[in-house]
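According to TrEMBL, the transmembrane segment annotation covers 7-29. Under the heading domain 'Late embryogenesis abundant protein LEA-2 subgroup', TrEMBL lists 61-156. Per TrEMBL, region 'Disordered' is recorded for 157-181. Here TrEMBL flags 157-166 as compositional bias 'Basic and acidic residues'.
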Amino acid sequence: MCVTKNFYFWILQILGLLGILVLCLWLALRPGSPHFTITNFSVPAVNDSNTSDHGIIQYQLDIKNPNKDSGIYYDDILLIFYHGVNIVGNNTISSFTEGKNRSHQVLNHFDVDNPYWAALRSAILNATAELRVDLSTKVRYKTWLIKSRHHGLHREGDIPIGKDGKISNNKKKVKLRDASK
């Protein structure tokens, strides 16, 4: 009887150690979310005295994969820019793959049509303009030949715009944060 109890106790110890080992491996290999940052944001013709009925906004989106062991597959990325409650522009970035511990830069622009351009231009010239950016996409992680399920990502950020048409408040970039926080 005593030998049987020792055998079961020994089996329970091995199962407990295996469980702890699996938990540690899961925590070590669990992929982290990518980082999205808006840099080089500008409204080039804001100080132009020839006011037109539309303007152009240029931006660069930096995407960084912080994972050392996982690549990321991105579905189409949708960016929507708001001034107040009005949508002033949107862009779609085609799907792509980003390797382990790499970064990806997208330089893009969009047109702002009237009547939103007049209100945005006026706010920029008064140094009170702020655009809100919403980013939505789905990603899949690839760790050691294993692809995960799709994970939905929704990020947002506020871009304060100075009189010069660039990011103000001594910032050079705006990091997009999780929209649920």
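Each Cβ is built from the backbone N, Cα and C atoms, and glycine gets one as well.
Worth saying up front: this structure is predicted, and the values here are computed from it rather than measured.
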For the region 'Disordered' (157-181), residues assigned helix / strand / coil by DSSP = 0 helix, 12 strand, 13 coil
Six or more residues out from either end of the compositional bias 'Basic and acidic residues' (157-166), which same-chain residues have a Cβ under 8 Å from its Cβ atoms?
-> 38, 41-44, 46-47, 123-125, 127, 129-133, 174-177
Residues sitting near the transmembrane segment (7-29): Cβ under 8 Å, six or more positions beyond its termini, same chain?
-> 69-70, 143-144
